[in-house]
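Positions annotated as signal peptide by Swiss-Prot: 1-26. Positions annotated as compositional bias 'Basic and acidic residues' by Swiss-Prot: 102-118. Look at Swiss-Prot and you will find 140, 170, 244 tagged as active site, charge relay system. Residues annotated as substrate binding site in Swiss-Prot, with similarity to another entry given as evidence: 242, 243, 244, 299, 300, 301, 302, 303.
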């Protein structure tokens, strides 16, 4: 009977798997994760809520001369055709002088002209980071304000003053001067933050007062186009207007991010919010408390990403680094000899991933310090040492190229670069060649080249004619390259474009 049962069991295995039992048992099992119990956030909320505040911002509206000189003396405006003995004329002659005297007295009480009353300007959130009253919020919450009020979670209202603000990271620090010791929170080590971690957002959405929402970290390192230092955490906790400047906590009650922006077609929460990481906020906040401003390192070069095509055209094995489009005149980069077409591949020995990575790391360097910059130039690696400058407060991108000739159809001197889908003509200023026409079905058309733009160099060699372009391309073919790197100047600025080159 035991033997019969064993055979039956084996038959069942063969029927369900189609394979012998010993083979079936050797397959790896599907991934199984022990599901944790859904946590309660109540303990975290109880601990951190006293440190989170609402921030009310007011601005003193300037009163114009017309407003401060308001008068009841209509001077007969609108009543010019009334007879002299008309009752309305008599009314204004008797009434207006008395009212003007009253208006003058109110102006005297208000003080000098130009100082209007305080008007509500913005409302957001913030949180204490020291027991003596320093608190963090967003720059865009306080930037237009002249008076600031902090509202505690128990309803207490306290005046605050602006310590410093930084528009590039959208952070600001306020200070409440009070004898009490405030409950405060600390920043987390956000290197330990993982996608999928639970987080709790606390703030003041729509001015409702302290509100708690929960979610997870959806992504890290988000670039939302707000500036060169974008490195946001994306969270799906409900964040709305008024949450700006409020904290996002981990389950240990540490601040992992500062709520700054939401993605929303309608203006309401759709589960996509962005928070400044704690590591970025901590450095900026420390500088604002110490100096009232933030000093950043500056290289002074305009850069763009290294695409796979660009990497291939330059002989780079990987599409990493930052391609230098234009060093700014007098900048540390220009003084150190960094040129158009160089690729910054490492900074102080650490590889550079992309332009955003380079911008953040340079900004974090102390002005006046020495940095080692590794470049890829003319097919080989070079290193330059330079002194990091101080980012000017009004630093802008280099001015766009100007003076391009705008060709007409059939312009004399046009030469065809048929394999590229281009015709070009020598530029009027002798610098490069101007694109006269672009085949919309060509690689050049696909990559956005346009009539009137200028080809300044090919593979970092200056060109002044179609023959120059062809010469550089032929040399690239001899070197086994399948792409050539074109430097393009347009009204919007300078950029590099890699175009395929036909072998043969």
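We count from 1, first residue shown onward.
Keep in mind that glycine also has a Cβ here, set from the backbone N, Cα and C atoms.
All features noted in Swiss-Prot, drawn onto the structure.
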residue : record                           : Cβ within 10 Å
140     : active site, charge relay system : 18
170     : active site, charge relay system : 24
242     : substrate binding site           : 23
243     : substrate binding site           : 28
244     : substrate binding site           : 27
299     : substrate binding site           : 29
300     : substrate binding site           : 24
301     : substrate binding site           : 27
302     : substrate binding site           : 20
303     : substrate binding site           : 24
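Across the fold, the C-alpha of residue 170 (active site, charge relay system) and the C-alpha of residue 303 (substrate binding site) stand 23 Å from each other. Separation of the C-alpha atoms of residue 243 (substrate binding site) and residue 140 (active site, charge relay system): 12 Å, rounded to the nearest whole number.
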